[in-house]
Structure formats: C-alpha cells, structure tokens
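Engineer: Below, the features straight out of TrEMBL:
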type     : residues : note
DOMAIN   : 1-177    : domain 'TLC'
TRANSMEM : 55-74    : transmembrane segment
TRANSMEM : 80-96    : transmembrane segment
TRANSMEM : 116-138  : transmembrane segment
TRANSMEM : 150-171  : transmembrane segment
Amino acid sequence: TQNLSPCRFYLHPEMSNDLVGTHPPGAHSLVAVSVGYFIEDFVDMLCNQKLHQSWELLFHHSVVIICFGIAVLLHQYVGFALVALLVEINSIFLHLRQILLMANLVHTACYRLNSLINLGTYVVFRIATLAWMTRWLFLNRHNVPPATYAVGTVGMAIMTPMNIVLFYRLLRSDFLK
C-alpha cells in the first residue's frame with residue numbers, strides 16, 4: 001500500500017511542504033517505473049494503432065515522459081510527480097469504460113455505475129489535481145529554475161485543456177446523448 005500516491009502523502013506529510021526535494025523511500029522508483037510504463041505504452045501505440053487514433057495519447061505520454069524523466073534524472077520534483085500520479089487513479093475507470101464498450105455492455109447497470117464513478121474520479125483526480133498542480137507551480141515559481149518552470153508550465157498548459165476536452169467528450173457520450 002505504500003506505493004499508492006495518496007498513501008504516500010498521508011504517511012509522509014512533510015511532502016506537502018516540499019514537493020521539490022522531499023520524497024519518501026521508494027517514490028523515486030515509483031516515478032521511474034511510471035516513466036517505463038509510459039514509454040512501453042507509447043511504443044505499443046506506435047506499433048499497433050493508427051496515428052489518427054492515438055495521436056492525443058502519444059502527445060500526452062510524450063509530455064509525461066519528459067516531465068517525469070526530469071524528476072527521475074534530477075532526483076528532484078519527485079513529490080510533484082507523485083501528485084501527478086494521482087491523475088492515474090481515474091485511469092482505472094477510463095480503462096474499465098473502454099472494456100465495457102468493447103464488450104458491448106453499454107446498456108448495463110455496470111456501465112452506468114462505472115460512468116458515474118468515472119466522472120466523479122475524473123473531476124477529483126484529474127481536473128482538481130491539475131488545477132492544484134498549476135496553482136502550486138505558479139505559487140512556487142521563485143523556487144523552480146526557469147527551464148524546469150518552463151517545462152512544467154508547458155506541460156500543465158498541454159495537459160489541462162486535453163483533460164477538459166476529454167471530460168467534455170465523456171460527459172457528452174455517457175450523459176448528454
């Protein structure tokens with residue numbers, strides 16, 4: 001359970017004061033493994049999907065690989081990367097939604113329940129987390145070197161609109177038919 005990001009903040013509250021240099025044991029490895037996952041998924045999509053189907057995710061993965069890669073290489077911003085990993089909690093329900101769609105189970109109670117949980121976790125773990133990260137980055141700009149600040153700002157400027165568009169698509173598809 002210690003590898004789950006929310007538990008890390010509960011067990012290591014000092015990270016809430018320093019997301020640049022403070023991180024608990026194992027956090028660096030968690031972020032490094034996450035980089036590996038995003039690289040593997042990127043390569044898999046390149047090899048097995050048409051570009052017009054996967055360009056948004058390829059772009060997303062590129063941004064994450066760069067930002068998390070900086071944290072792994074510098075051994076800094078690991079706490080910030082852990083906050084970013086909170087976003088992935090919602091991925092469970094996004095993937096389950098995709099599986100239910102592929103199984104043609106759209107008109108089931110399971111799909112409907114997942115849609116509600118998916119939207120709720122989307123707001124909490126994607127929208128709210130990205131807003132908090134953007135706020136943190138802005139408020140701590142004086143503590144972050146200009147190049148790293150630029151990468152973080154560009155990353156947030158890319159991720160936030162992408163996630164808002166995806167939220168709208170989910171809302172339209174599952175609730176506004």
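Quick reminder: no glycine exception, Cβ is built from N, Cα and C everywhere.
Curation plays no part in TrEMBL annotations; they are all automatic predictions.
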Engineer: For the transmembrane segment (150-171), which partner among 55-74, 80-96, 116-138 gives the most CB pairs under 8 Å?
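Structural biologist: Ranked by Cβ pairs under 8 Å, first place goes to 116-138.
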Engineer: On the 0 to 100 scale, where does the mean pLDDT of the domain 'TLC' (1-177) fall?
Structural biologist: 91
